[in-house]
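Asker: What follows is a structure written as structure tokens; I'll ask about it next.
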Amino acid sequence: MAPIPPGVRLLASLNKDQWYRALTFVLTFLLYTSFHLSRKPISIVKSELHKNCSAIITSRDQDPSSLLLRSSSDCSWKPFDKKNYKQLLGTMDYSFLCAYAIGMYLSGIIGERLPIRLYLTAGMLSSGVFTCLFGLGYIYNIHSLSFYIFVQVVNGLVQTTGWPSVVTCIGNWFGKGRRGLIMGVWNSHTSVGNILGSLIAAHWVSSNWGLSFIIPGLIIMAMGGVCFLFLIEHPNDLRTMNAQSPGVQSVQTKCWSGAKGHTQVYLQYKDNKTQSCDTELLLPQDDTCIPAQPVMVVKSGAEPSAISFMGALRIPGVVEFSLCLLFAKLVSYTFLFWLPLYITKAAHLDAKRAGDLSTLFDVGGIVGGILAGVISDKLGKRATTCAVMLLLAAPTLYGFSMISQFGLGPTIGMLLVSGGLVNGPYALITTAVSADLGTHKSLKGNARALSTVTAIIDGTGSVGAALGPLLAGLLSASGWDKVFYMLMTADFLALLAEETLIRAAGPDRPLLSPLTRTCGHKPGFSS
């Protein structure tokens, strides 16, 4: 008899909870990949909206006397054919990111009061529509700046439905024990989305840049349908479904009188397995996991209410990490929106090659995010890990601005290193740190705070994301070196915010160190 393949053995060893946990991991990964995939085209298309017409004419051996005519018709796309095109492109970025930052503060609060699956589905469908609408501007020959700004503003608002929703889902399903590693791998969806978005947009940018938006728009709409069909918000939803299933044998129990007259009795079936951390939080024991038969838990009162905005701000570490993310995201999003154009100007490459080369920054970001998660799990210190990477990122940014002028080889190396050091702290704060703070012990098991905390941290970071590309558009007119000085300054300010936490020392120990205690030596669900 032939031996069973190891992959089949692995699949057979997984229980039902592990299957659903894997489904949630993969599904939320793909969902947010599509969000970033739909944001990336604008950075690729910028170099097509305003071309170097003199280079085009020289390469085609055409009469330079026709340059003025071609400048206003064939080369650049109105209204980006003017000398202030960098400011106009920066305004479009700012419109999207400013709307995203404002909407993020509201999105987390709204998301905690609505079904996440429906809320996320609606946001993805709406985002797909407005992403396609931007591309239709090319097909229908629209040259109104107000049209493109309107599309960017609305798209920025609806895209805020994504991040609080997916972080809440992944936080609900995964415990804290290896959260840095798990979320470091999971957060690579940001870079994967940027890479796919760059490759898709670059494929059509020179021939029909409208498709560079329409194709990603259709992809995120399709993923919205997948979200509606398959997303499971919380493991308790499965238990409720199983309890209501006609195949589950009912158990006769007396009704217990809960607080304020509530008589809700909840039954969990554990199939003779060790008890999960969710059940433990509902029982009076603090440090023991009770091996269970069917366990009856009396719910004393109504569901915990969603945390207020000010209540979330009072959680230790939320303000400091929010400020750190503001400056870290300023650096990351400046690269996201302006790197292809910088490569086009500095390395004298066409739009497609510059877009392809810019993906290396995101490849480095994948490695950096995973390393940040692993190191923070090992050390038990999220803030210290972020601070070290920020400290190394500043001189790396200066080196990138110098070395990128010496050819393609050094540029590739610096893109990978810069991507890892810039996106590492950004990835760690937006995932593992946000989840740690959203399930902080001061919340006493109220899991409904996670979406609000995530929205506050990412919303504050999005303020920096809005300022970075805007400042880059203004400063680049005086030279790209000014842009890099701005990025290095922001990096040091992020480091200063981290230093406040490290000096306090408290948040790194009880707040942000991974939770090592698990139930039955298996990672439990977070509260």
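Just so it is clear, glycine is given a Cβ too, placed from its N, Cα and C backbone atoms.
Pasting the relevant annotations from TrEMBL:
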- 27-506: domain 'Major facilitator superfamily (MFS) profile' (DOMAIN)
- 19-37: transmembrane segment (TRANSMEM)
- 88-110: transmembrane segment (TRANSMEM)
- 116-140: transmembrane segment (TRANSMEM)
- 185-205: transmembrane segment (TRANSMEM)
- 211-232: transmembrane segment (TRANSMEM)
- 318-339: transmembrane segment (TRANSMEM)
- 359-376: transmembrane segment (TRANSMEM)
- 388-408: transmembrane segment (TRANSMEM)
- 414-437: transmembrane segment (TRANSMEM)
- 449-471: transmembrane segment (TRANSMEM)
Asker: Counting Cβ pairs under 8 Å to the transmembrane segment (414-437), which of 19-37, 88-110, 116-140, 359-376 comes out on top?
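Answerer: Stretch with maximum Cβ contacts: 359-376.
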Asker: Can we call the transmembrane segment (318-339) and the transmembrane segment (19-37) in contact, meaning three or more C-beta pairs below 8 angstroms at a sequence separation of 6+?
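Answerer: Contact criterion not met.
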Asker: Averaged over the domain 'Major facilitator superfamily (MFS) profile' (27-506), what pLDDT does the predicted model reach?
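Answerer: That region's mean pLDDT is 77.
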Asker: Report, as numbers and ranges, which residues of the same chain sit near the transmembrane segment (388-408): CB under 8 Å and 6 or more residues beyond its ends.
Answerer: 328, 331, 343, 346-347, 357, 368, 372, 414-415, 417-418, 421-422, 424-425, 480-481, 484, 487-488, 491-492, 494-495, 498
Asker: At an 8 Å Cβ cut-off, counting only pairs 6 or more apart in sequence, do the transmembrane segment (449-471) and the transmembrane segment (185-205) clear the bar of 3 or more pairs?
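Answerer: Since fewer than 3 Cβ pairs under 8 Å link them, the transmembrane segment (449-471) and the transmembrane segment (185-205) do not come into contact.
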Asker: Below 8 Å between Cβ atoms, which of the listed ranges 19-37, 116-140, 185-205, 211-232 makes the most pairs with the transmembrane segment (359-376)?
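Answerer: Going through each listed stretch, the top one turns out to be 185-205.
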Asker: Based on Cβ pairs under 8 Å, which of the stretches 19-37, 116-140, 185-205 lies most in contact with the transmembrane segment (211-232)?
Answerer: 116-140
Asker: For the transmembrane segment (185-205), what are the same-chain contacts with Cβ under 8 Å, counting residues 6+ beyond its ends?
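Answerer: Contacts with the transmembrane segment (185-205): 25, 28-30, 32-41, 43-45, 47-48, 170, 211-213, 215-216, 336, 340, 351-352, 355-356, 358-359, 362-363, 365-366, 369-370, 373, 419, 423, 427, 430-431.
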